Amino acid sequence: MAVLKSFVEVHPDSHFPIQNLPYGVFKPQPSSSPRPGVAIGDYVLDLSEVASAGLFDGPLLRNSDSFLQPNLNKFVSLGRPAWKEARATLQKLLSATEPTLRDNKELRQKALVPLSSVELLLPVVVGDYTDFFTSLHHTKNCGLIFRGPQTPVLDNWYRLPVAYHGRASSVVISGTDIVRPRGQAHPSGGSTPYFGPSLKLDFELEMATIVGPGNELGKPVDINNAEDHIFGLVLMNDWSARDIQAWEYIPLGPFLGKSFGTTISPWIVTLEALEPFASQAPKQDPPPLPYLTEKVSKSYDISLEAHIKPAGHEDSGVVTRTNLNHLYWTLTQQLAHHTINGCNLRPGDLLGTGTVSGPEPESRGCLLELTWNGQNALSVNGLNRKFLEDGDEVIITGYCKGSDYTIGFGTCSGKIVPAAP
Ligand SMILES: O=C(O)/C=C/C(=O)CC(=O)CC(=O)O
Ligand SMILES: [Ca+2]
Ligand SMILES: [Mg+2]
């Protein structure tokens, strides 16, 4: 079958071919109101213009105002049949052989906006943010570093996807500066805690689920229906202050060491776009309990990289390369487990996968592991790094490489600025 092509020119290396069509929210001008869009090549297609022109003409979206909203919460709440209808409409509208938009100069000029000229915003209002801990390699390394060699991975980890409740208010869009947090820390062997700017500021390379339709309080999601509740994925950086974290986390878990900022990428890549890159999830031993046992156990082959760009440098240096398919617990197991006690999820909720570390030392997803808590410096563009310095920009990227096109996530970046005085 011929490969689907758009009339919008798309560079072969672009993350945003017609096969992707990730959803975001943008402002065409600083004074404009936010509106939903999909990325196509170097452009964003304004979905409020497409809707206003009456071009969503399928049965589910014909009279819908879901693209006349300042965020995607309403659209993601509609569920997979509406998402499929929107995707079919947009792929047809943007295809090389379809004249409706291609030959309508006026509409094209209104609806196709150069990406370089827009401001990208958070795609959804995130009501709740949860962070899982699903890489065995990350769990083992953190266990060794924080707790020593006795039992780096506790028995519960193999039985359930461990997580903590994160902080939604500090989830920010890619490009937002991150202020170095201040807090209490306790130097190892030291007798009294100190207060000041974190000396062990780190990134965590993660991906995150954007929840579609939620579930009613008291009604868990069945594991085999969990995929119906997943709209798509974004890149995520769970900034972490390791010195604050190590001192505060016993016995209740992460708090101020992580809640000062979490960055997500602007484009939500849908599960439909990722489907050609689905892979078999790793075998689980011991087998999970029935409520976590799924008919199809799916992961995705998504290559992930983190780069650091020190202040004043033109280029960034790569510090890790990993893949989403290293994770032990699947996205659907995470979601089903989250609701098994009756907890309700809502459209736009953000479920971080946890740090995506792979088995090789070069595939570790954070500096804590890469430098083994600052014992071994990493060389970045000729500079030594144990933890992040002021002015460092961390850039995460992710993509699935097919033979004819790339499905990419763009980038998720943030720069460290000095702590408050
Ligand atoms: O092992 C610990 O005490 C803590 C580990 C983390 O900081 C991990 C966390 O945020 C979850 C994850 O990213 O996998
Ligand atoms: Ca994390
Ligand atoms: Mg964080």
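Heads up, the Cβ atoms here are built off N, Cα and C, so glycines get one too.
Residues or ranges marked as active site, proton acceptor by TrEMBL: HIS138. Taken residue by residue with DSSP, HIS138 (active site, proton acceptor) is part of a helix. Around the Cβ of HIS138 (active site, proton acceptor), the same chain contributes GLY354, THR355, VAL356, SER357, ARG364, GLY365, CYS366, GLU369, each under 8 angstroms and 6 or more positions distant in sequence.
The annotation Ca(2+) binding site is assigned in TrEMBL to ASP131, GLU204, GLU206, ASP238. With a cut-off of 8 Å between CB atoms and residues at least 6 apart in sequence, the same chain places ALA163, TYR164, GLY166, GLU206, ASP238, PRO254, LYS258, LEU351, GLY352, GLY354 near ASP131 (Ca(2+) binding site), listed in sequence order. When secondary structure is read from DSSP and collapsed to three states, ASP131 (Ca(2+) binding site) falls in the strand class.
Per TrEMBL, the feature substrate binding site maps to PHE133, ARG147, GLN245, TYR249, THR355. Neighbour count (other Cβ atoms within 10 Å of the Cβ, all protein chains): 16 for TYR249 (substrate binding site).
Summarising the annotation, TrEMBL assigns Mg(2+) binding site to ASP238, LYS258, THR262. Taking a C-beta cut-off of under 8 Å and a sequence gap of six or more, THR262 (Mg(2+) binding site) has these contacts in its own chain: TYR129, GLY166, ARG167, SER170, VAL171, VAL172, MET236, ASN237, ASP238, TRP239, GLY352.
Computed over the domain 'Fumarylacetoacetase N-terminal' (19-123), the whole-number mean pLDDT of the model equals 98. If you look up TrEMBL, you'll see 19-123 marked as domain 'Fumarylacetoacetase N-terminal'.
For 137-415, the entry in TrEMBL reads domain 'Fumarylacetoacetase-like C-terminal'.
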Given the binding-site residues GLU206, ASP238, which one is most crowded in terms of C-beta atoms within 10 angstroms?
GLU206
Compute the C-alpha separation of GLN245 (substrate binding site) from GLU204 (Ca(2+) binding site), stating it in Å without decimals.
13
Once the DSSP letters are reduced so that anything not helix or strand counts as coil, what is ARG147 (substrate binding site)?
helix
Using a Cβ cut-off of under 6 Å to any atom of ligand 1, determine which of the binding-site residues ARG147, THR262, THR355 qualify.
THR355
